[in-house]
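According to TrEMBL, the feature transmembrane segment maps to 26-42, 54-71, 91-110, 122-152, 172-197, 218-238, 244-262, 282-304.
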Amino acid sequence: MLPWVGVLIVILTVYAILKRYETRLVLFTAGLLMALIALKPMEAFSQFQKSMTNAGLISAICSVMGFAYVMKLTQCDQHLVHAVANTVARARAILIPATTIATFLINIALPSAAGCAAAVGAVMIPVLMAAGVHPAVAAAAVLAGTFGSVLSPGSSHIVMVAEMSGASVVDTIATVTPATVVTGLIGAGVLTILAFLRREDRGHASETVTESPQFRPNPLYALVPIVPLVLLVLGATVPAMKNWGLTVPACMLIGTILALLVTRMNPAEVTKSFFDGMGKAYGDVIGIIIAAGVFAAGLTQVGLIDLLLNAATGARGAIGAAGTWGPFLVAILSGSGDAATIAFNEAVTPHAASFGLTIPKLGTLASLAGSLGRSMSPVAGAAIIVSGIAGVSPIEVAKRNAPGMILASVVAFLMQGL
């Protein structure tokens, strides 16, 4: 009886998230309610305390957000965006896919989808529209690249899965890299083909939108956001550097110090910005992870996890499908795949071996699927930002990305979920 009560609460939880109620409140309340029904409320509180002090998650995620805040303060992120955009703008024959791929790559270094969309969109959407590309396609080209963060060491999902599996962040990223690269190319390719077939890749020059004022990127400033990523990869792949202790927090601190030296900004302002970012990360990102942990504890107490394990043991494809289209659909409808992805990874991914999958493979699949869904959601923050820059409806932007993202989700499932 209790597991079916849990099913009802899960359905109500999904509904509340889709209605855009406060995610942390919804997940925490649902988890506590299930624990109360099972007459084990203290299990929810114990999980809350445990998640609050998860050193691996907190240090990585908070330091990355601190570094991101410093990049914004020093405008190093803008220099990177303009440096890439200036290169892409020269390739006018392949402007649409080049914009998507450039956004994808920038999103690895600047892992906020909305922040990346705003930074790249402000530069590239006017360039695309001036070249005659339909405004909705111009906006969609940027939006389609906003899931590059799946390959970012700063992604909360990557850090969470790495901590769960005991693998390094770089090794966890390597698990999902082929599927992410392929789906990125699919998104860019399908959008380009459809734009060509509908004649939306030319002949739509706008008189109301002009290109951004000339911005001369400083090469040194542009390189700073990339430095921590390079250090992480080198630390994981170069034998001589494996004992250097190049952890995520260490690399982010090195990047922050480098930004301070290169830009010569006030050290007090940089320090304040870094710690402001850390606090924001704990409240927003770690907060969701804590609430999702309570939710998963509630599922366990009512016996829903055991029911799922008994019913689906060996059902590799079924769990892979759930990990793909669960986060994918919730992300489309709610504009964010974070809640569904984190909840899935807290509750189901630790038991991946029971379904014939590995924790890194199943966990990163859920992360990729949620990001793909967000990239075709008309209510996602990134979609609203780019549609505003282009002066079109978010629905029009989402419609143009939908075919590519749906196909990409199928390919992601075939590559990661079987």
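Numbering starts at 1 and runs along the chain as displayed.
Cβ atoms are placed via backbone N, Cα and C, with glycine included.
Proximity of distant same-chain residues to the transmembrane segment (244-262), defined by a Cβ-Cβ separation under 8 Å and at least 6 residues beyond the stretch ends, is recorded for 59-60, 63-64, 66-67, 70-71, 74, 76, 153-154, 159, 169, 220-221, 224-225, 227-229, 231-232, 234-236, 270, 274. Counted over residue pairs 6 or more apart, the CB atoms of the transmembrane segment (218-238) and the transmembrane segment (26-42) come under 8 Å in fewer than three pairs, which marks the two as apart. Counted over residue pairs 6 or more apart, the CB atoms of the transmembrane segment (172-197) and the transmembrane segment (26-42) come under 8 Å in fewer than three pairs, which marks the two as apart. Contact between the transmembrane segment (54-71) and the transmembrane segment (282-304) is present: at least three CB pairs lie under 8 Å, with pairs separated by 6 or more positions in sequence. Contact between the transmembrane segment (26-42) and the transmembrane segment (122-152) is not supported, since fewer than 3 Cβ pairs fall under 8 Å when only residues 6 or more apart in sequence are counted.
Below 8 angstroms of C-beta separation, residues 68, 71, 77, 80-81, 84-85, 116-117, 119-120, 124, 127-128, 131, 133, 137-138, 141-142, 144-149, 151-152, 184-185, 187-189, 191-192, 195, 201, 225-226, 229 of the same chain, each at least six residues beyond the ends of the transmembrane segment (91-110), sit close to that stretch.
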